[in-house]
Amino acid sequence: MLNSKTEIFCILGNPIAHSLSPQMHNAGFQALNLNCIFVAFLVTNLKEALAGIKAIRNIKGIVVTVPFKQKVLKYIDFLDITAKDIGAVNAISIKNSKLSGINTDWTGAIEALEEKTNITGKNVAVIGAGGAAHAISYGLVKKRAKVIVLNRTYKKASLMAKKFNLDGFYNLEHQSKIKSMDIIINTTSVGMEPDTHMSPIHENNILPHHIVFDIIYTPHETKLIKIAKKKGAKVIHGYKMVLYGGKRIFESFTGKKAPIKIMEKVLINNLYPSYSGL
Ligand code: ATR
């Protein structure tokens, strides 16, 4: 029951209509019987939005999404070391009008991987060198994996490799390099709806010993995931990163263990209404 003591959490983004954070977190709040609500805000001016939020004492936490994950850095009062190293914040807790920023994109990806495999010592190819690739590469290095990056734009691959001290960087055209890897992670948008017939990796380069993680979650099974399955490789679906990132945010906001199975069900029901695999 919502009342004057209800604690409010929100996501700030633009666009925001596609966000599944409200459904996922509200399901978690209900499952634990918490007097909390989660809403989505379409933001046109980040500075003014944050000033307004800080002035409203019952808003306790903010999730930050595209295009504000880097822009929000300058408004944060206490920056977690991992968010600082990655250079992006995606969740903020508010106490006495002070903003504490963390990054859960990397933990989301790492937990999704760890559900299937040990990461330490593994050879990992990260495809792409954008924001998501930065967060994931940071997590992989922290877990002491050996990481190479392949990107369409070579310069961005080289900058990312230098930033995180990676083991190699290549143009995407040299993708046969991935044959000797243990884990392949696609962080590019290639294969995302509506271009579901595309894959960033040619099927000749996917082998049965690979673990293939595509962080794209629409569609549920990307072309890359379909190829990997056909080749007998293990696969990890993109929604898992959203789920585990959300789990960490929920726990940071509430101080309680996230009801992960309930959150997963809500996520799946909203993303893939006809899916019956859970
Ligand atoms: P995000 O925050 O989701 O990581 P981003 O920072 O815009 O998004 O990064 C997008 C990534 O997808 C980049 O690595 C981009 O490659 P470039 O650095 O060459 O731009 C990659 N990407 C997007 N479209 C691509 C395409 N058609 N082919 C190959 N890579 C593509």
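Each residue, glycine too, has its Cβ placed from N, Cα and C.
NADP(+) binding, as stated in TrEMBL, involves G128, A129, G130, G131, A132, N151, R152, T153, Y154, K155, K156, I215; the candidate among G101, G108, G191, G238 given for that site is G238.
Matching N35, N90, N118, N204 to the shikimate binding residues that TrEMBL gives (S19, L20, S21, T65, D105, Y217) identifies N90. Closeness to ligand 1 is met by A132, these being the binding-site residues among S19, L20, A132 whose Cβ falls under 6 Å from the molecule. Taken through DSSP, the domain 'Shikimate dehydrogenase substrate binding N-terminal' (11-92) splits into 31 helix, 20 strand, 31 coil.
Around the Cβ of K69 (active site, proton acceptor), 22 further Cβ atoms fall within 10 Å across all displayed protein chains. Residue pairs drawn from S19, L20, S21, T65, N90, D105, Y217, the listed shikimate binders, are separated by up to 18 Å at the Cα level. As a whole number, the greatest separation of Cα atoms within the NADP(+)-binding residue list G128, A129, G130, G131, A132, N151, R152, T153, Y154, K155, K156, I215, G238 is 26 Å.
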